[in-house]
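Here is the structure we will look at, set down as structure tokens.
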Amino acid sequence: AIAAVITFLILFTIFGNALVILAVLTSRSLRAPQNLFLVSLAAADILVATLIIPFSLANELLGYWYFRRTWCEVYLALDVLFCTSSIVHLCAISLDRYWAVTRALEYNTKRTPRRIKCIILTVWLIAAVISLPPLIYKGDQGPQPRGRPQCKLNQEAWYILASSIGSFFAPCLIMILVYLRIYLIAKRSHLRGPRAKGGPGGGGSKQPHPVPAGASASAKLPTVASCLAAAGEANGHSEPTGEKEAETPEDSGTPALPSSWPALPSSGQDQKEGVCGASLEEEAEEEEEEEEEEEEGEEECEPQALPASPASACSPPLQQPQGSRVLATLRGQVLLGRGVATAGAQWWRRRAQLTREKRFTFVLAVVIGVFVLCWFPFFFSYSLGAICP
């Protein structure tokens with residue numbers, strides 16, 4: 001039964017890690033430089049499944065080392081090499097996550113394939129430095145027991161403690177501190193988010209824009225009917241319905257400014273209600289509120305241009321600027337500024353990237369937690385045997 005379970009684990013490990021390597025190398029969306037860590041880690045796991053576990057299984061089932069003594073020394077060195085490489089790979093991945101979160105702009109420019117390959121090479125060199133001493137320094141192995149040969153790890157106390165610290169305890173401490181730091185940063189940004197939440201533009205909550213000085217507080221925004229009426233006035237016709245207020249020279253000579261422009265001093269006289277040159281910002285806000293559930297991420301923008309006269313304001317535009325957006329309503333047509341889609345897309349793209357980073361960090365934290373729990377009993381007992389023989 002044990003042999004069947006271990007054999008299944010060997011096949012599952014080889015198949016699963018081969019799929020990881022194949023996915024990273026063939027999928028365009030997974031060709032990010034940091035995914036090279038996963039390729040190298042999967043290669044180390046495949047080497048463990050093919051060169052280490054089968055011989056360990058045979059040694060456990062037979063009760064002695066069936067193979068040659070030379071292969072026993074190589075086997076033990078490879079065992080330490082591949083297992084240490086797997087643990088240090090996880091440590092390097094956690095540091096990569098930490099730098100990506102804390103130094104996003106600076107580190108993303110430095111996260112090149114060449115830099116990642118250099119880090120991977122350093123990981124393998126660290127594992128080699130920890131695994132090679134038993135091959136070079138034999139130490140006092142003591143008399144060989146009579147009977148069947150055994151293949152055991154180096155029993156030197158200094159090597160046991162040094163290899164345990166370098167292979168497990170130091171990387172484990174680094175990973176715990178790094179992921180704790182990432183968690184605190186994510187929690188701080190989550191608590192800060194509702195206070196500074198202002199949409200793609202980075203502003204605060206929506207507030208009504210100030211009305212220009214001299215404008216009536218009850219002034220209505222232009223509608224299609226008022227636009228047609230203003231056009232009729234420009235052609236010499238009077239309004240079909242409604243009362244018309246007297247127009248002062250100041251009102252006729254000064255065009256109304258958008259509500260988002262700074263207020264100008266005026267004589268305190270009320271301006272004409274229904275003028276098409278008035279601000280269209282409030283109407284745009286009303287329409288944005290109606291379509292907020294259907295189109296998330298919409299950002300209000302200032303009017304693109306200020307018409308010189310009511311007639312020109314009410315006339316349909318002959319040509320719209322490229323990249324601009326038009327909000328058509330039952331009361332008229334509002335031309336929103338260009339660049340809104342670009343700003344919104346950048347904000348949502350950045351938010352999606354941060355979400356993926358957090359999700360990937362959470363998955364790695366779970367994997368590393370399980371990995372540490374699986375390795376801790378062995379390294380604890382292995383180190384305890386050197387301290388208390």
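Cβ from N, Cα, C; glycine included.
Residues annotated as disulfide bond in Swiss-Prot, with sequence analysis given as evidence: Cys72-Cys151. Within 10 Å of the C-beta of Cys151 (disulfide bond) we count 18 further C-beta atoms, all protein chains included. According to its DSSP assignment, Cys151 (disulfide bond) is coil.
The annotation region 'Disordered' is assigned in Swiss-Prot to 194-216 (among others).
For 233-320 (among others), the entry in Swiss-Prot reads region 'Disordered'.
The DSSP secondary structure for Asp79 (site 'Implicated in ligand binding') is helix. The site 'Implicated in ligand binding' annotation in Swiss-Prot covers Asp79.
Annotated site 'Implicated in catechol agonist binding' per Swiss-Prot: Ser163 (among others), in sequence order, evidence recorded as similarity to another entry. Around Ser163 (site 'Implicated in catechol agonist binding'), the C-beta neighbours below 8 angstroms that are at least 6 residues distant in the chain are Val80, Thr84, Ile130, Ser131, Asn154. DSSP assigns Ser163 (site 'Implicated in catechol agonist binding') to a helix in the three-state reduction.
Residues or ranges marked as site 'Implicated in catechol agonist binding' in Swiss-Prot: Ser167 (among others). Other Cβ atoms within 10 Å of the Cβ of Ser167 (site 'Implicated in catechol agonist binding'), summed over all protein chains shown, number 25.
Listed as Cβ neighbours of the topological domain 'Cytoplasmic' (26-36) (distance under 8 Å, sequence separation of 6 or more from its ends, same chain) are residues 93, 96, 100, 111-113, 115-117, 120. Residues annotated as topological domain 'Cytoplasmic' in Swiss-Prot: 26-36 (among others).
What Swiss-Prot records for 63-72 (among others) is topological domain 'Extracellular', and it gives similarity to another entry as the kind of evidence. The average per-residue pLDDT of the prediction over the topological domain 'Extracellular' (63-72) is 87, rounded to a whole number.
Sequence annotations record features per position, and here Swiss-Prot assigns topological domain 'Cytoplasmic' to 96-117 (among others).
Per Swiss-Prot, the feature topological domain 'Extracellular' maps to 141-156 (among others).
Swiss-Prot lists 181-363 (among others) with the feature topological domain 'Cytoplasmic'.
Marked as transmembrane segment by Swiss-Prot: 1-25 (among others).
For 37-62 (among others), the entry in Swiss-Prot reads transmembrane segment, with the evidence type similarity to another entry.
As annotated by Swiss-Prot, transmembrane segment applies to 73-95 (among others), with the evidence given as similarity to another entry.
The transmembrane segment feature in Swiss-Prot is assigned to 118-140 (among others).
Non-local neighbours of the transmembrane segment (157-180) in the same chain are 80, 83-84, 87-88, 90-91, 94-95, 97-98, 126-127, 129-131, 133-134, 139, 361, 365, 368, 372, 375-376, 379, 382-383, 385-387, 389; each lies 6+ residues outside the stretch with a CB under 8 Å from one of its CB atoms. Here Swiss-Prot flags 157-180 (among others) as transmembrane segment, drawing on similarity to another entry.
The secondary structure of Cys72 (disulfide bond), as reduced to three states from DSSP, is helical. Of all Cβ atoms in the shown protein chains, 18 besides its own fall within 10 Å of the Cβ of Asp79 (site 'Implicated in ligand binding').
Long-range neighbours of the topological domain 'Extracellular' (63-72) within the same chain, counting only residues 6 or more positions beyond its ends whose Cβ lies under 8 Å from a Cβ of the stretch, are 55, 147-151. The number of other Cβ atoms within 10 Å of the Cβ belonging to Cys72 (disulfide bond), over all protein chains shown, comes to 17. Note: the CA-CA distance between Asp79 (site 'Implicated in ligand binding') and Cys72 (disulfide bond) rounds to 10 Å.
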